[in-house]
Amino acid sequence: MKTQRHGPSLGRWSLVLLLLGLVMPLAIVAQVLSYQEAVLRAIDGINQRSSDANLYRLLDLDPRPTMDGDPDTPKPVSFTVKETVCPRTTQKSPQDCDFKEDGLVKRCVGTVTLNQARDSFDISCDKDNRRFARLGNFFRKAKKKIGRGLKKIGQKIKDFLGNLVPRTES
């Protein structure tokens, strides 16, 4: 008789274990980060380790390389961060901070894992040594100024030509 009483109990435990087995893979899948989320977490780590006064924010993320499906395997990443106006001591997220005009730009390379439970990254960042990065900013600003100047000149020519049209006397 004791065996019969424990029989349904054993069946319930089997059912509970079966349900847990079905639910656990879903919980594991939910802990996998997207490529960009993993990079943003790495940037948070960079900001925590940095001795610079201000936070850095993602400026450019290189295209995602082809990867295997294992979230525990380190994935190669490369991206660019730029200094923001927010001090490191702020509680703001870097995404909520504006970029600092002429802020320091750093090129970062390394690896991240997409498994949120492991949350590991190995990233190193160096000053962006692209010589023409600031030159590009110069040309953008010059283009705006020249565009505004040409617009003003065009308006003056239009006004001048409008005044040359013979007026009819009434």
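Along the chain as shown, the residues are counted starting at 1.
The backbone N, Cα and C atoms fix where each Cβ goes, glycine too.
The range from 46-58, 111-123, 150-162 that Swiss-Prot describes as region 'Active core' is residues 150-162. Within the set C86, C125, Swiss-Prot assigns C125 as the partner of C108, by disulphide bond. Using a 10 Å Cβ-Cβ cutoff, C97 (disulfide bond) registers 18 neighbours. Separation of the C-alpha atoms of C108 (disulfide bond) and C86 (disulfide bond): 20 Å, rounded to the nearest whole number. In sequence order, N54, L55, K92, P94, D96, C97 make up the list of same-chain residues 6 or more apart from C86 (disulfide bond) whose Cβ falls under 8 Å from its Cβ.
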